[in-house]
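Colleague: Found this in TrEMBL, in case it helps:
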type    : residues                       : note
BINDING : His161, Asp162, His165, Glu177 : Zn(2+) binding site
Amino acid sequence: MSLLRTAARQRCRFPTIKTVACFSQSRIVKTQQPLYEGHIPLNWFEKALMAVGSSYMSLANPRRGDMVAAIGDLTAGPVLPRLRDTMLESKEGRTILKERPRISTRTVDMAKLALLPEGTMGRAYINWLERCGVTPDTREPVHYVNDPELAYVMQRYRECHDLYHCLFNLPVNVESELALKFFEFANLGLPMAGFAAAFGHLRLSSERRERLFREYVPWAMKCGTSAKSLITVYWEKRWEQDVEKIKEEFGVWDPPAARWGKPLNEAQLAAQKRQQAEAAPPSTSQP
């Protein structure tokens, strides 16, 4: 039974990650056992099929995070060993590879970050999350990278993506996302970032596309190529550090001002209210 027939039986327009997982367990696992939790071994044909299909689906519907993540896994190829080597050349990067930290609400004390002074990386991150209305818990796990350490490098990039948004004060919209993808392609060299940069702008209006290439792309390419690799940053050990000091250390600078839908003062107020609510003693009912 082919992968496409399996997908058809599950009434999918194109194979989902779960479909591929079931197919892999029935056939591929006979020749290669999963190397880490969530790993889905695929042969070259299935990788090619998945890459083409996930590329189509992500272009048709960029909100399909599973398909976008699949492209990243399947196209990272020789880039991940280079990123790993870059991390190994840095003391901070070596510590990351040794300790393998994860970024989520289960591993990061968000309430503690909300108590940090304005201007610190931790407080800036909380403000950014509140302002954008997002959570770090939505990142797809890595499935298709056939090496546990390289899979972690890919996962680390994926979980740090929002911190790049925060560092450069970029909101979550198509224009800002593309600007960051251009930066990531220049700084990290990930093919997925280049793919998104090459085709994502087609979804913009002519006015926004012109602004993207006039203002953001020159910043992204110049800043990304001249800066130190951000894959080596151990963010969890820098929450209390000043954001501007981090930028200075890694040789990055702000892009042109982005268009935000929610003012910063509203995000700061929301963070303060949440901080007060979490600090308040639990109420006790009267007998």
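For all residues, glycine too, the Cβ spot is worked out from N, Cα and C.
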Colleague: Given the binding-site residues Asp162, Glu177, which one's Cβ is surrounded by the fewest other Cβ atoms within 10 Å?
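Modeller: Relative to the other binding-site residues in Asp162, Glu177, Glu177 has the fewest Cβ atoms within 10 Å.
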Colleague: Go through His161, His165, the listed binding-site residues, and name the one with the sparsest Cβ surroundings, counting other Cβ atoms within 10 Å.
Modeller: His161
Colleague: When you average the Cβ positions of His161, Asp162, His165, Glu177 for the Zn(2+) site, which other residues in that chain have a Cβ within 8 Å of that mean position?
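Modeller: What remains near the Cβ centre is Leu163, Tyr164, Cys166, Leu170, Val172, Leu180.
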